[in-house]
């Protein structure tokens, strides 16, 4: 519904000085301190877990392609949580929500979309790695060389940030309501679009295009990889061999379902079904719980990561004894 007194000129001329108010969880004032300390603990554990995996892989002299992509994924998760959670914590610390400038809001949205998209593309690259490892094991070393892995990682980042930039520009070209109150704890695309005074098909088309490029396309690539893997494993007569091959995919599948489950719920739906309270809960899982689960899943399920972590602990013990 259009807002009264809102003009596109205000957005352009005073964009650097205008502010939005992130309401966050202002309706739960009685739980503010509890939520603050809970989010803080989860945030610190998430940072520690992803940093541990990142450092463990970086310090490993011989890295497999899967470990290389896992290192990239941990780096993305570190940046991802740092973009969202500190501002959310500030919002909980302030009773009435936290202010964020329009450029700051745009930057947060750009980074959030770009990092989330990079994660989708990385998951697709990891699925391709599993496909080559299982379906073409004799050519694995040749196909998944270091140069190709670097190119894939760079392409994932550049493509995702290009799409994120285009979507952010489309959203912030809109005129916004004078209240500037965002019923969310960060500048998420659907929440900011609710402030638009005028109906804009351009912004909605940009969001649809971003969903296709960042969600649907990588998902189809992941699906195609696992269809090929399933066909290849159906020809394996040994249950032990089939189980061993499939076990290398379990961690990746778990991460994929976690990531795409929340992202699909938030972005792939009609605009009329938008619900601030429900979206905040799902976004809370998406931006806090899911990044926390990634290092737990990989440290428990991935033999290479467990081996590297054990070596790190042994080195630490030897250093302390020395």
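Including glycine, each Cβ sits where the backbone N, Cα and C put it.
Automatic prediction, not curation, is the source of TrEMBL annotations.
Across all of the domain 'G-protein coupled receptors family 1 profile' (49-298), the predicted model scores a mean pLDDT of 85. Annotation comment: TrEMBL describes 49-298 as domain 'G-protein coupled receptors family 1 profile'.
Long-range neighbours of the transmembrane segment (33-59) within the same chain, counting only residues 6 or more positions beyond its ends whose Cβ lies under 8 Å from a Cβ of the stretch, are 25, 67-68, 70-71, 74-75, 77-78, 81-82, 85-86, 88-89, 92-93, 288-289, 291-292, 294-296, 298-299, 305, 308-309, 312. The feature transmembrane segment is assigned by TrEMBL to 33-59 (among others).
If you look up TrEMBL, you'll see 66-89 (among others) marked as transmembrane segment.
Summarising the annotation, TrEMBL assigns transmembrane segment to 109-128 (among others). Here the transmembrane segment (109-128) has long-range neighbours at 66, 69-70, 72-73, 76-77, 79-80, 83-84, 152-153, 155-157, 159-161, 163-165, 167-168, 171, 186-189, 192, 210, 213-215, 217-219, 221-222, 225-226, 252, 255-256, 259-260, 263, meaning same-chain residues at least 6 beyond its ends whose C-beta is under 8 angstroms from one of its own.
Taking Cβ pairs closer than 8 Å, the transmembrane segment (148-172) reaches residues 11, 15, 65, 68-69, 72, 102, 106, 109-118, 120-122, 125, 128, 189, 192-193, 202-203, 206-207, 209-210, 213-214 in its own chain, all 6 or more past its ends. Under the heading transmembrane segment, TrEMBL lists 148-172 (among others).
Sequence-distant neighbours of the transmembrane segment (205-233) (same chain, 6+ residues past either end, Cβ-Cβ under 8 Å): 113, 116-117, 120-121, 123-124, 127-128, 130-131, 134-135, 159-160, 163-164, 166-167, 170-171, 189, 193, 242, 245-246, 249, 253, 256, 260, 263-264, 267-268. Sequence annotations record features per position, and here TrEMBL assigns transmembrane segment to 205-233 (among others).
Within the chain, the transmembrane segment (245-269) has long-range Cβ neighbours (under 8 A, six or more residues past its boundaries) at 73, 116, 119-120, 123, 126-127, 130, 133-134, 188-190, 207, 210-211, 215, 219, 222, 226, 229, 233, 236, 279, 282-283, 285-286, 290, 293-294, 297-298, 301-302. Under the heading transmembrane segment, TrEMBL lists 245-269 (among others).
For 281-300 (among others), the entry in TrEMBL reads transmembrane segment.
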